[in-house]
Amino acid sequence: MSQSLFIGLMSGTSMDGVDAVLVDFDTPSPKLIATHTEAIPEHLFKGLQRLCQPGQDEVNRLGRLDRSVGSLFAKAVNNLLASSGIDKSQVVAIGSHGQTVRHMPNLEVGFTVQIGDPNTIAAETGIDVIADFRRKDIALGGQGAPLVPAFHQQIFAKADKRRVILNIGGIANITWLPGNAEAVLGFDTGPGNTLIDGWIQQVKQQAFDRDGAFAASGKTDNTLLAQLLSHPYFMQPYPKSTGRELFNNAWLEQQLEKFGHLDEADIQSTLLDLTCHSIAADILKLSNSGELFVCGGGALNIELMNRLQALLPGFTLTTTSVLGVDPKWVEAIAFAWLALRHHQGLPANLPAVTGARREAILGARFPAA
């Protein structure tokens, strides 16, 4: 068996598919061997959306979905390997993020729940699985998120450069790499794609706003934007993390109650500006200038990138592709790396980012045997 091949599995708050990557860590920079995205069937997508909000019969629904999502993740792995020509015996382990259905780290007894049973993944792939990466950090008083800044630091930091790595998935998060390893920071800025995707799904039955064209056709309503930006989360100091628990369609409906006169495209534009303004405000608290590298689905949204650049004139803005990592796969590669860290017995959280009391080895191993 190779000792350097790992698989990473990621499905984020957008729930737009399971990203699977096969990565070779035998070189200084991770080498991407193969990629695959497994679509989430409509019935699973709807079930997951329901489970993200309090409701009836939650425990039974969670139990069923846990197994079903595990099988879906296993299917993603098997299809990835089939397309790569690599035998499962060559893979050391799978790093599975799972699907977050509740993230509540700030309660008196904080918790986070990711489903996608790793036992099922191990049984259906024949490969050891390392999963449950977030709860150790929460047990140590942390947010359990974001976890990718440690990976960003490992592969993107440069001693003489001030860099921001911006991941725009359903939720947006930033990693501040000021060139001094001791000063690395990271946190969730707020909604990324979750509200803009949700709105266009509702009014246009489209999965997402391609290139931001629908938003570009509208005009931002500054009164609504100011109301959205008044959410207490944006005033919270870091460390902080968030999810669909705060920013979801039900919250948006409440916010729109007095704005029924607005055109649908104007709302789309306003929601895009909510994402851009909340990101820019947090970046400007850290620095007025530097290099900004975007990854995640938001990197493909041309209008979003243009608006961000306008709000951050002191930054050169591009994607992680110029650093050698395709922006679509950064998070999935990060979970392959988290599996590698667990396998090596090395810590993978950054207490300055999550607020945990100390560094820790993250995750638990679920053997295929």
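From the backbone N, Cα and C atoms, a Cβ is placed for every residue, glycine too.
Since we're looking at a predicted model, the values are computed, not measured.
These features come from Swiss-Prot:
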type	residues	note
BINDING	G12, T13, S14, M15, D16, G17, V18, D19	ATP binding site
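Overlay of Swiss-Prot annotations on the structure.
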| residue | record | contacts (Cβ under 8 Å, 6+ apart) |
| --- | --- | --- |
| G12 | ATP binding site | T100, G169, G170, I171, G296, E331 |
| T13 | ATP binding site | T100, G169, G170, I171, G192, T194, G243, R244 |
| S14 | ATP binding site | G169, G170, G192, N193, T194, D197, G297 |
| M15 | ATP binding site | I40, F45, L48, Q49, Q99, G170 |
| D16 | ATP binding site | I40, D197, A207, F208, G297 |
| G17 | ATP binding site | S11, T37, E38, A39, I40 |
| V18 | ATP binding site | L9, M10, S11, T37, E38, I40, L72, F73, A76 |
| D19 | ATP binding site | G8, L9, M10, S11, T35, H36, T37, K328, W329, E331, A332 |
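Compute the center of the Cβ atoms of G12, T13, S14, M15, D16, G17, V18, D19, which mark the site for ATP; besides them, the chain residues with Cβ within 8 Å of that center are M10, S11, I40, G169, G170. When secondary structure is read from DSSP and collapsed to three states, D19 (ATP binding site) falls in the strand class.
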